[in-house]
């Protein structure tokens, strides 16, 4: 078959090669033709065919042809065939060595390029100025400043430092390696400067955070008569962006127009205006480019809209680009995918990806990486991981993006594991990887891991930029190591506002709200302007300090600075008002914001309702969110499921569980743990344990939640059995685990077991007992009547007792009518929590039980004098899918008369069974009949009466009460369960009581 037929499928260049002169033709003309072909080659397939033809013709051994072949292969990033050309060349000339070094530099194999230079010198080949020009680029790419300095010395030794090309290469290398002072010294020592040299210096200053100096050099360049070109202006734009100087940007814009610079500069202008926050001017520049618009222009404007949070506008532009059937580039596709990810529109993201496939435009790793990020941000983490696993030749960007996806979706452990996997795969992390990973250390509160990554960065010579340093400051601050955070913070010069934000956020998250505000005011006093991130960090500090005035002032600052259009800021303001208890203001802001259909906003409002005890409103908001076709994420679910727990609404909880299964979140640990807690608090411990047993993955929190479920139901032996199973499964018990198991022991009256577990905390499990553990032990001993032992434990505590300790002792004193010890406990409690009326109420109960009515009256007078009121008892019950609430003494219910009739009938039957009302808990010194009336008006009795009227015989009745059940109501409920043959479940503020056939699950130990 003729050669032309064989080569035709590979394109026009290959066809021309097949028609090239035969070896008998004139050699010079022959080689000239092939040089032209090699320089014009557009694809690797044609290059391979031309190379094959040259080999057949014997032309590949020519030195100049060999160098061209090497350069052509390097253009297509093909170092292996380039090396084959090098090895097959009979003459080892400096040109070939230079071409090979250049090839390795182009393909990113910088260390190979450096090694190749060493081999070249070792073989006695004398390097020339081009060798050093390529070698300096290799040192830059390898981030190898040590070798770069050695190369510089070699250049000086050979007297080549005066060459303008080498001098410019040194300036470029030192700038990019962060050694800007050395770059400046080299530049100032150069005897000959051209426009390329000035461009390199300006670029270095722009990109290393010295924008004022970059502008100074731009002016100096013109003063010495050097005319800036398009590259000069493009290099200057990062300095303008750094300063966010709109007037300066306009001045440069005018310079571009006056000098008639290349259209590509207008793309830089669009980018700069966008980074200065002026997308409106950027759009005018874009629209004015008319025929000069190219794929870069479209990518720049779409990217600029995304940068400024204008996601819908970005998608509209992308639609316009596709309607006009224009060329796509990587930036356009990646930016459009990013916009879809930000608004949580996975369907739109898939459409963009499919269109890109159809156009076959730049479907490289970057596009697949952004699609992966889109899946993750839209809650499809498994799909994101699947896409990641399918990417061939994953680069550092893909690894970093997947690590970031794990962190951003609440999977810090998986992020750390993937980082380890990346290292094992031989991928060297960069600063972006570290910035992606470090938040996982903060989420895990793993200070040791954060320090390890810091050390790794220093040892590996990874550039610890301001961004990396800021991420490290955030880790140290959020892990409570403020000394380390401040060492890094103080060493940074200059500091950007993001670094300040990291420290402010850290203080706020660690509860150091006062210091967070102090840092905020210090930031402003230094003349640095806060950004939206600052506001998001400082508002929670105002909420923690209950500083409504401060919060309102910062809200005013937000409006003045135009930050109120930022969704993150608006969400933070909603959250702040909700935490202040100003749910009205929060709702007004929400009504303005919900038009954006932002999941975080809805989550904030649901959480705000829960913070204010408005569980029904939280659930209603969740249903409204779904009605708006907005897909909840795992944060939504872990915010709303506790609302069902709070209301003990099993119906609502099971509906939520069904929804969780439908959207595929059942395996999410945080959601699964919330479901276990919900079933426990809705009285269905059997459902909780079944779900627990079905889980494939459990963490320590999962076990703790199940232990806590057994604790509130008083099933101490079950809790101990589960605790043993936990240890058998090699799950390390933490501080919370011991709180749960000790609570189970105290509710179950397991004194010996509780003592043993408490003693084993430090000796066997290396967990230091804290105040909560001591409170559990004081409560356990006090309930059992071991008040002296409880008192002794308080005296021996290594820390000062808090309100929880004294509250536990006071409760035991109430149970055992110990007046003098109760008075001591209240004396401490009044100092620690002067506004908590409950302590006064318990002391008054103790006095009443002891018949000391005068003292009980004094307590009530003291409460009135200080303006304290007893929290009214409230109980609720769910009947026929509706929740009915009752307050103590409330007679307003439409069925109140019928409820009284039911109760009077029950009372007669109870009296025949020997029931005698225990009126000792009534605080008033009134007639016995009136005390009895007070008892009959307790909220749980009203709820039980209503439930008996409205449920079928034998059905389980479940009551929720906001306070602890009093002794008489406990006795009465046992008798009612026997008389009516109803199982009655009561969840009070302390625990569950299961009443059945006259017996309570607590065995009268509560």
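Quick reminder: no glycine exception, Cβ is built from N, Cα and C everywhere.
Bear in mind that the values here come from a model prediction, so they are computed numbers and not experimental data.
Straight from TrEMBL, the features:
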- 914-1006: domain 'DYW' (DOMAIN)
- 93-127: repeat 'PPR' (REPEAT)
- 194-228: repeat 'PPR' (REPEAT)
- 262-292: repeat 'PPR' (REPEAT)
- 294-328: repeat 'PPR' (REPEAT)
- 395-429: repeat 'PPR' (REPEAT)
- 496-530: repeat 'PPR' (REPEAT)
- 598-632: repeat 'PPR' (REPEAT)
- 699-733: repeat 'PPR' (REPEAT)
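Here the domain 'DYW' (914-1006) returns a mean pLDDT of 85 for the predicted model. According to DSSP, the secondary structure content of the repeat 'PPR' (395-429) in residues is 26 helix, 0 strand, 9 coil. Sorting the repeat 'PPR' (699-733) by DSSP state (H, G, I as helix; E, B as strand; all else coil) yields 26 helix, 0 strand, 9 coil.
For the repeat 'PPR' (262-292), the number of residues in each DSSP class (helix H, G, I; strand E, B; coil) is 25 helix, 0 strand, 6 coil. For the repeat 'PPR' (496-530), residue counts in helix, strand and coil come to 26 helix, 0 strand, 9 coil, using DSSP. Each residue in the repeat 'PPR' (93-127) gets a DSSP state, and the totals come to 26 helix, 0 strand, 9 coil.
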